[in-house]
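What TrEMBL says about this one:
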type: TRANSMEM; residues: 20-37; note: transmembrane segment
type: TRANSMEM; residues: 58-78; note: transmembrane segment
type: TRANSMEM; residues: 84-104; note: transmembrane segment
type: TRANSMEM; residues: 156-173; note: transmembrane segment
type: TRANSMEM; residues: 199-219; note: transmembrane segment
type: TRANSMEM; residues: 249-268; note: transmembrane segment
type: TRANSMEM; residues: 288-305; note: transmembrane segment
type: TRANSMEM; residues: 317-343; note: transmembrane segment
type: TRANSMEM; residues: 349-374; note: transmembrane segment
type: TRANSMEM; residues: 386-407; note: transmembrane segment
type: TRANSMEM; residues: 413-432; note: transmembrane segment
Amino acid sequence: VPAAVPGLTPLAGRVYGRRWLVLLLFSLLGFAQGLVWNSWGPIQNSARLAFGFSGWDIALLVFWGPIGFAPCFFFMWLMDKKGLRVTVLLTSSLMVLGAGLRCVPVSDLEIRKKLIHGGQLLNGLAGPTVMNAAPFLSTTWFSPDERATATAIASLLNYLGAAGAFLVGPLVVPSPNGTSHLPLLSQSNTEHIKDRIEAVLYAEFGMVSLIFSAALAYFPSRPPFPPSVAAASQRLSYRRSFCRLLSNFRFLMIALAYAIPLGVFSGWSGVLDLILTPVHVSQVDAGWIGFWSIVGGCVVGIAMARFADFIRGMLKFILLLLLSGATLASTWFTLTCLTSVTHLPLTTATLYTSCILLGIFLNSSVPIFFELFVETVYPVPEGITCGVVTFLSNVFMGVLLFFLTFYHTEFSWFNWCLPGSCLLSLLLILCFRESYDRLYLDVVVSV
């Protein structure tokens, strides 16, 4: 029996219709953060021309995402102590400031580049909340038979925002005519590309400002009455939570199973255009590949979470299926790119299929992992649990992108990291012994 059960009186949970509005506002915030974070990767060729970015600049613009997780534990503490409203308002105000900095019309390109980098960093600081708070929000507002679905929607909309950038960027911003001789392009063409990039930046600033205004007008910390026994139960303190997490071998095992492949995949998808350019895939095609891989992951992830809500106790089995698929898809993609060795057909169709399957399998595993983390270490608060694992994931992503800033001329090593990380995760999940402490509390105590 979980530690929170003694002395707890059974109570009937109550859910409110406004929970869907709270979920919508939070999901839109996550969507906007993902969109702003992934603004530059899909249009890296155009951005190099318009703003004089180097390959190092492009990698760093993506790198600000994991760097923004440095104060992750502060946001976890804030959510635990002050609730969702204060945390969400602070997060969204950082995003407004960051999106605004990128729009400052300075003619000096060096100053402009610094402002854009600063804006990306501020947007990165919003990452801990939009990526960690989903299970906390679902427990606070939703009944046990809706929790996994709410977690999936709240966590995956951030990925859908990143997918939106793959679509919006290449469709709005023209690429430099497919030529590598950038200095030969006309000045008017360069100005046109710069104007289109700035139009995207202004639109994103407007969207972020609108979401902030809506959250300021209405985003309560919690409902008047809790929706379940688990939501009403006493949780461990901040310090005891960390001690419990770091001493729990089963948690550390599954945290690594999440952090390594998702960290590697996030870094890889953030510079997908950079990786596919050497195999003669256009900026637009790379954008569509990135878009469909994430959208597929979001759709399948929400469907899997709904399935998990109906048939409880199946989280490990679902993860084994997803990680097996991810290992096969990433191996196929990596071998396809090694045409000189494997002689596998390198076509747009094979790249599309392998990348999209990889994205579907990995992205759809995120909410399932989150639910399993919370069940494994209950009564540790959800925000702290997911904060630790997403911090770990961003550490792996950061290490990978750090190496990319030095080794960005050849990408086979980067591609091999994908199947290696998926296979390691699969083995860890296979050895993991699952338990459902929070679910036990809701089902047994409420009965």
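Counting starts with 1 at the first residue shown.
Placed from the backbone N, Cα and C atoms, the Cβ positions cover glycine too.
Automated prediction, rather than curation, is the source of TrEMBL annotations.
Contact count against the transmembrane segment (386-407) (Cβ pairs under 8 Å) is highest for 349-374, out of 84-104, 156-173, 317-343, 349-374. Three or more CB pairs closer than 8 A are found between the transmembrane segment (413-432) and the transmembrane segment (317-343), so contact between the two stretches is assigned (pairs 6 or more residues apart). In this chain, the transmembrane segment (349-374) lies close to the transmembrane segment (156-173): three or more C-beta pairs between them fall below 8 angstroms, excluding pairs fewer than 6 positions apart. Long-range contacts of the transmembrane segment (58-78) within the same chain: residues 37-41, 44, 47-48, 86-87, 90-91, 116-117, 120-129, 132, 238, 263, 266-267, 270-271, 274, 383-384, 387, 390-391, 394-395, 397-398, 401-402, 404-405, 408, each at least 6 residues beyond the stretch ends and with a Cβ under 8 Å from a Cβ of the stretch.
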